[in-house]
Amino acid sequence: MGEIAPEMEISQYTKDKASCTRISIESYYSKRVTQCAERENRLKKLEEDISARGLSDEEKEEKRKIHHSKETDYLRLKRTRLTVNDFESLKVIGRGAFGEVRLVQKHDTGHIYAMKILRKSEMVEKEQTAHVRAERDILSEADCDWVVKMYYSFQDYSNLYLVMEFLPGGDMMTLLIKKDTLTEEATQFYIAEAALAIQFIHSLGFIHRDIKPDNLLLDARGHVKLSDFGLCTGLKKFHRTDHYRNWPSTLPPDFISKPFESKRKAETWKRNRRAYAYSTVGTPDYIAPEVFQPNGYTKSCDWWSLGVIMYEMLIGYPPFCSELPQETYRKVINWQQTLVFPSDVPISIEAKATIKRFCCEAERRLGNHGGLDEIKQCPFVKRIDWNHIRERPPPIRVTVKSIDDTSNFDDFPDEDLTWPTSTLIRPEEQPGRRGEFVDFTYKRFDGLTQKMRYSDLKKFQQAKKNKKGGQQGTSD
């Protein structure tokens with residue numbers, strides 16, 4: 001009788017390869033089902049559009065031929081591998097703890113995008129892989145005017161790339177820094193649009209958890225779009241709140257009694273605001289108190305954040321802002337004592353009542369039980385035309401001079417616009433080889449079939465030519 005062979009010890013490398021293979025196979029079949037459903041939906045929308053227009057048989061057939069041609073192009077283009085060399089880097093428009101955002105132009109279509117570039121090594125080291133995966137998954141699923149649209153996602157050995165629509169209006173943080181405070185009419189408009197965006201995310205089954213002015217982007221007309229979904233629920237680790245949990249939450253005896261003039265407080269807040277936006281930890285100003293607690297939270301935490309933003313729009317700074325994030329954290333935890341309204345910045349009774357209904361206990365918070373329908377009944381926003389708000393002109397006009405206008409963004413002077421030399425890294429040195437970034441690639445149907453209007457492309461090319469000519473003339 002032969003001896004039983006001892007069990008072979010499986011190496012970590014083999015386990016990682018097996019895990020990646022399993023994820024790839026599962027993803028492949030899941031994507032096949034999803035793509036089939038999406039194709040059927042596009043055909044259904046086409047037929048509905050054809051029926052609504054009352055076209056002749058010849059016109060209907062022509063529409064169907066164009067659609068089938070697009071579907072064929074889409075299948076072919078999906079097989080092509082995207083790299084950074086398919087884009088021209090124009091300008092750095094944002095920088096964060098883990099990467100940067102660039103204004104780019106796609107070579108074959110001439111279309112302008114905002115490209116978020118994230119370093120894989122930083123993602124793995126700082127345990128942010130689940131966050132970027134969440135953002136990629138939600139942006140690929142979301143197809144709505146209230147959410148920033150992602151057209152492509154891809155990766156190379158060093159970096160992850162999210163290619164999104166460029167929104168030249170900037171963000172709400174920049175607008176608030178410029179304007180100090182907003183009128184109640186303007187506040188009603190922006191709070192209503194933000195509420196519609198939040199409700200859409202909730203309808204997908206997600207909680208955003210990071211609602212703040214930085215993440216409320218403005219399109220070319222000045223309408224709101226929600227962005228940055230890296231902290232949506234479904235994740236087991238919430239990096240930012242973990243950072244605060246070891247801090248003391250009790251207030252010193254004289255903590256609230258210190259007088260602080262509103263104008264001076266607003267100036268201090270503005271001075272520190274951008275530094276918070278670009279830091280790893282950020283600021284706890286907009287985070288609901290229950291998110292810091294171990295007992296859990298619900299989607300109502302997003303409505304708390306909206307109440308804090310509303311306060312900032314009307315008063316000029318968030319209700320719990322302090323010189324140090326530790327102090328802000330203590331104020332948020334003890335909101336019953338620290339949520340006060342300054343006497344030198346008068347606001348209406350309706351506005352104050354709405355803020356108090358957003359910033360209160362989770363179980364009785366505005367929006368907690370009835371969602372958007374409950375918020376619509378609030379006196380402060382009852383005059384809003386909710387069904388047609390996106391067709392209406394925003395209260396504050398956004399100035400956009402060209403398709404690549406970045407005047408509503410911060411300047412990042414003397415930045416190197418060359419692409420990272422990621423291809424020099426060998427595959428075996430690739431960060432995150434245990435399946436973190438498997439199946440990261442995404443291509444949107446209307447992104448692959450759209451072209452820039454010829455007139456816009458010619459204007460853009462002429463503007464670039466003039467700019468280069470001016471720079472050469474200066475150097476001569």
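A Cβ is built for glycine as well, from the same backbone N, Cα and C atoms used for every other residue.
Quick look at what Swiss-Prot annotates:
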- D210: active site, proton acceptor (ACT_SITE)
- I93, G94, R95, G96, A97, F98, G99, E100, V101, K116: ATP binding site (BINDING)
- 87-381: domain 'Protein kinase' (DOMAIN)
- 382-452: domain 'AGC-kinase C-terminal' (DOMAIN)
Could you state the CA-to-CA distance between R95 (ATP binding site) and D210 (active site, proton acceptor) to the nearest Å?
18
Mind giving me a neighbour count for the residue listed as 'active site, proton acceptor'? Other Cβ atoms within 10 Å of its Cβ, every protein chain shown.
22
Is R95 (ATP binding site) helix, strand or coil when read with DSSP?
strand
Other than its own, how many Cβ atoms are within 10 Å of the Cβ belonging to V101 (ATP binding site)?
21
Just to be sure I understand the packing, how many Cβ atoms besides its own are within 10 Å of the Cβ of R95 (ATP binding site)?
15
Three-state secondary structure of D210 (active site, proton acceptor) from DSSP?
coil
